[in-house]
């Protein structure tokens, strides 16, 4: 007897045969250990007065005079990567993603790790509150001269480079930074709503004020002549500021339920170009995350006036499914999501996060993803995310964990000043700007292990050289780790998922 399958069913059967064979070879990882370490990493990035319960003991106080030139306290926050500058734009995105991790997956975390995640979140949200403390007419966007900083290789505790506080005064614009800070404070307010309602309300009130500044004075902060030369080589948003306005409004909608923000994201989607670049999500492009976030209102709330956001979210999700019709994102031969440029793992962690979040939304409504003739259940999206996680944790052609301190083999020569220089405990004397060069050029492993740091990762050929000078591959960033916290929380709570 010969069986005849409907074309749609035949595609689905082939799809699941591939899926089954791909998952059978997966090794078991200690996702709980990886989760703990991914959160611990943030303690190594701290600026300001460190608390008594600081766990990475090789770090000490730093940046204690930040803001003094403006008679403002701008201490605290995070150094975004391996340097000693506080860039508010990526720091705000880090904060948003830490908060979103808690919102979606906090209930799955052990109580101790949820506490640590909230401590990490508060460290950055406290700093962001300081950066908007002089609204409605002034917002701080950065602390530290990046040109001078990048010409030195010194510990944050020894910094003698200018700690310039970069400020934008109305009516000059800073929409992308202010929009992202709006998102960060709004998301953080949701995260703290049950554990600290007073703080939650403070965050939300400041988010509203920050959005008013972002929307009233529309434009990019890089358009300000007095700061653009110091921000654009590093964190300029060449994708425009409009996605951050929609992103901030979407988070305010989620935090407040206010119809004003619903109308804003509905009416401005097309004028702000949110239907373009739907397969991008990171510190400089929020469209992919925006579509997934807003689609929750359609999937779970039947807000069909926002259907365009859901359609774009599904288009993005389908582009990640190799068997689906249409255009696809690229994968390396070893299976890593690949996009042109450096720091590949930032794409893997943010997109894995979106896969899991969208799978959650579909599951709660007993829905599947429709990619043309292919029906994709939520668990397949989770398996796609798991493949990225397992790649990062060691299932890759190099056999190398890209999380420092996890597994038997991981990067030892990461591009990170504090990690690569002797700690103050071991070398109390000052190590000056150029005196650190000998450590930068050394082939020895870093003396201080930045536990939990996820480095930029391999190239499109899956190759990785453990080279401190190759910052595109060996430098960790806070915005790689922040979404990974939520991703690891899911798999730590579901260790048998295949």
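Glycine is no exception: its Cβ is also placed from the backbone N, Cα and C atoms.
Residues or ranges marked as active site in TrEMBL: 415 (among others).
TrEMBL lists 466 (among others) with the feature active site.
All chains included, 21 other C-beta atoms sit within 10 angstroms of the C-beta of residue 475 (active site). Taken from TrEMBL, the feature active site covers 475 (among others).
The feature domain 'Glycoside hydrolase family 9' is assigned by TrEMBL to 31-488.
For 1-25, the entry in TrEMBL reads signal peptide.
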For this session: Please work out the number of neighbouring Cβ atoms within 10 Å of the Cβ of residue 466 (active site), leaving out its own Cβ.
Result: 18
Exercise. From the Cα of residue 466 (active site) across to the Cα of residue 475 (active site), what is the distance in angstrom?
Worked result: 11
Seminar exercise, completed: Students should find that the Cβ of residue 415 (active site) has, within 10 Å, a number of other Cβ atoms equal to 24
